[in-house]
Amino acid sequence: MNEIKLDKKVNFDNIKDKVRVFAPATVANMICGFDILGFAVNEPGDEVKMYRVAEPGVRIRSIAGDDGRLPLDADRNTVSACVKMLLSDLGVADTIGVEIELIKHMPIGSGLGSSSASTVAGLYAINALLGAPLTKEELMPYCVEGERLACGHGHADNVAPALMGGVTLIRGQEALDIVKLPVPGELYAGIVFPQVDVPTRDARQLIKDKVLLKDAVVQWGNIAGLIAGLFQNDYDLIGRSMQDVLIEPTRAILIPEFYEMKRIALECGALSFGISGSGPSVVAISRGADIARVATAKIKEHLSSKEIDSYQYVSAVNVEGPRLLDFDA
Ligand code: HSE
């Protein structure tokens with residue numbers, strides 16, 4: 001874990017009774033930037049309701065939308081474990097009591113940063129409940145630790161965009177160095193989640209740990225081209241740069257109908273198409289919502305014809321990250 005040096009005090013006058021937070025799903029890798037790029041979307045996302053209670057400690061009241069897959073034990077649940085860690089580093093673990101309701105609005109193991117959205121929602125919520133003693137930058141190492149607890153690897157390409165919003169570059173993983181990149185206003189993601197389970201751990205184990213120099217040259221050309229395209233608002237450059245010659249050829253075999261879905265998306269006018277995170281969700285990157293909508297609808301139709309159920313989401317890039325929601329709305 002990145003060493004966390006926290007020199008913050010909680011002002012007990014600022015503590016709230018309860019907060020409700022939404023944190024967004026994310027598309028890690030952004031097709032060509034394995035483990036270093038990612039962006040947030042407006043939907044789906046997860047929600048945390050957090051209540052201050054008299055008895056010190058952190059407890060999970062309930063989890064909805066997980067089909068019973070996530071632990072209610074506060075030491076084993078990633079969200080509560082991260083909240084406990086933060087309270088402990090703030091020196092208030094023995095004095096503050098909180099209870100958590102986690103509401104999952106997205107599938108687990110979808111490649112949409114499901115665990116990251118929950119972790120970020122939980123950490124943003126405890127910080128808000130305590131009167132926001134930490135900046136987002138200070139919350140980031142706790143989010144990365146949550147990712148490590150959830151999937152055994154502390155890659156930040158889901159938690160960084162989920163917390164910071166927009167498109168993020170993880171320039172350094174060991175010593176965290178996160179760079180926010182510009183977001184062209186018409187950039188949309190058409191996401192399709194085919195209902196097959198691809199755990200991140202399995203999808204990572206498949207990948208070879210050596211690459212050919214000629215492939216690496218193509219890939220870093222693409223990453224550099226994508227970054228330039230984001231700065232220049234150049235959708236054609238973004239599209240032709242979002243190509244993955246390193247990871248996609250291996251992971252695509254885990255995703256049924258991958259190449260047919262790609263053909264459909266590109267035929268509909270998508271700028272690019274690829275795997276979201278470690279899959280099985282796929283993403284059609286589009287200029288404007290219309291192309292993304294048509295591409296996801298046609299892909300869904302194709303999957304149905306093969307008797308594969310799917311969810312679809314169409315979203316602009318989410319630029320704000322987590323947000324406070326009205327508690328009673
Ligand atoms: N960069 C990670 C991977 C993201 O592709 O394995 C996991 O969601």
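All residue numbers here begin at 1 and follow the chain in the order shown.
In case you wondered, yes, glycine gets a Cβ from its N, Cα and C as well.
TrEMBL: automatically predicted annotations, no manual curation.
As recorded in TrEMBL, the features of this protein are as follows:
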type: TRANSMEM; residues: 21-41; note: transmembrane segment
type: DOMAIN; residues: 77-166; note: domain 'GHMP kinase N-terminal'
type: BINDING; residues: PRO107, ILE108, GLY109, SER110, GLY111, LEU112, GLY113, SER114, SER115, SER116, ALA117; note: ATP binding site
type: DOMAIN; residues: 227-296; note: domain 'GHMP kinase C-terminal'
Cβ neighbour count (within 10 Å, all chains shown) around ALA117 (ATP binding site): 29
Those residues of the chain, 6+ apart, with a Cβ under 8 Å from that of PRO107 (ATP binding site): SER114, PHE193, GLN195, TYR311
DSSP state at PRO107 (ATP binding site), helix/strand/coil: coil
Long-range Cβ environment of SER115 (ATP binding site), under 8 Å and at least 6 residues apart: THR78, ILE108, GLY146, GLU147, ALA150, CYS151, ASN158
Binding-site residues: GLY109, GLY111, GLY113 - member with fewest neighbouring CB atoms within 10 Å: GLY109
Listed binding-site residues with Cβ under 6 Å from ligand 1, out of PRO107, SER115, ALA117: none
Three-state secondary structure, GLY113 (ATP binding site) (per DSSP): coil
Cβ-based neighbourhood (8 Å from the centroid) of the ATP site, residues PRO107, ILE108, GLY109, SER110, GLY111, LEU112, GLY113, SER114, SER115, SER116, ALA117 excluded: ALA25, MET106, ASN158, GLY277
For the domain 'GHMP kinase N-terminal' (77-166), the number of residues DSSP places in helix, strand and coil: 50 helix, 8 strand, 32 coil
